[in-house]
Protein chains: 2
Amino acid sequence: MTASVPAYTVPSPEAVDALLSEVRFNSDGLITAIAQQHDSGEILMLAWMNADALRETLLTGRVCYWSRSRKGLWRKGETSGQMQKLVDLRVDCDGDAVLALVHQDGVACHTGRRNCFFRAIRDGAVVNVAEPLISEEELYGR
Amino acid sequence: MTASVPAYTVPSPEAVDALLSEVRFNSDGLITAIAQQHDSGEILMLAWMNADALRETLLTGRVCYWSRSRKGLWRKGETSGQMQKLVDLRVDCDGDAVLALVHQDGVACHTGRRNCFFRAIRDGAVVNVAEPLISEEELYGR
């Protein structure tokens, strides 16, 4: 079950600075970040990064977000073990969003689902279109 | 070159209300919206919706955003012709982002590229990893 993850080449600090200079952080110092499984194309989650999180992500190859609720760096997988290994990172045309192509270990969503986008309308009602692969207790109870 | 687009079933107004009640708009009344090509998985763009835009998207099957710069509804393709036909729409676990699975007519990016996420680090520099398929003049000059 070991998936093959393309090697990530850590860029130079100068290249990281150049990329950060093209990013337009909002008035809270944040940008939106989409995480997509690099091979299947599955959209895993949407979260936020500040400059420190983006820099750390690029320089370590492990995705780090900014937690707006905890007001701190959020190294994805630090508590749950469900890490995101970076494969590539793209900045959009107007510089206010990034796309992280990743390999997701396990599940991305805190509900234990593979991805966070699991609610949709079916037959006139809002339902869950995906089920958890692991319980929240298993994810966070260790 | 006519792609087969899965039929979109317009939900009842009650189902749309139920979905909107699960969405947590931010202090500006907005949520982030990701557009993904339904079959290839390509992430096309990230933009914003308010309640009216989300409702219109669901009830018409044509993706409508909120333009933060123009402060108005932004019916994708109205100016450029590059419409997004809705296939499905998902709300994420904490209700502050939606994923629109769409069929993109032509290109999504105002630069004429297929998608907006085209800047990345290569060999120590930030470069464009995709080229325009159509000029901005052709997109907007009609």
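From the backbone N, Cα and C atoms, a Cβ is placed for every residue, glycine too.
Annotation comment: TrEMBL describes B:45-118 as domain 'Phosphoribosyl-AMP cyclohydrolase'. Here TrEMBL flags B:ASP92, B:ASP94, B:ASP96 as Mg(2+) binding site. Residues or ranges marked as Zn(2+) binding site in TrEMBL: B:CYS93, B:CYS109, B:CYS116.
Shown for the domain 'Phosphoribosyl-AMP cyclohydrolase' (B:45-118): DSSP residue counts in helix, strand and coil, namely 10 helix, 33 strand, 31 coil. The number of other Cβ atoms within 10 Å of the Cβ belonging to B:CYS93 (Zn(2+) binding site), over all protein chains shown, comes to 18.
Its Cβ placed at the centre, B:ASP94 (Mg(2+) binding site) has 14 other Cβ atoms within 10 Å. For B:CYS116 (Zn(2+) binding site), the count of additional Cβ atoms within 10 Å of its Cβ stands at 25 [all protein chains shown].
Here the CA atom of B:CYS109 (Zn(2+) binding site) lies 28 Å from the CA atom of B:ASP94 (Mg(2+) binding site).
The average pLDDT computed for the domain 'Phosphoribosyl-AMP cyclohydrolase' (B:45-118) is 96. Counting in whole angstrom, B:CYS109 (Zn(2+) binding site) lies 23 from B:ASP96 (Mg(2+) binding site) by their C-alpha atoms. Distance noted between the C-alpha atoms of B:CYS116 (Zn(2+) binding site) and B:ASP92 (Mg(2+) binding site) is 22 Å. Neighbour counts of Cβ atoms within 10 Å were compared for the binding-site residues B:ASP92, B:ASP96, and the top value is held by B:ASP92.
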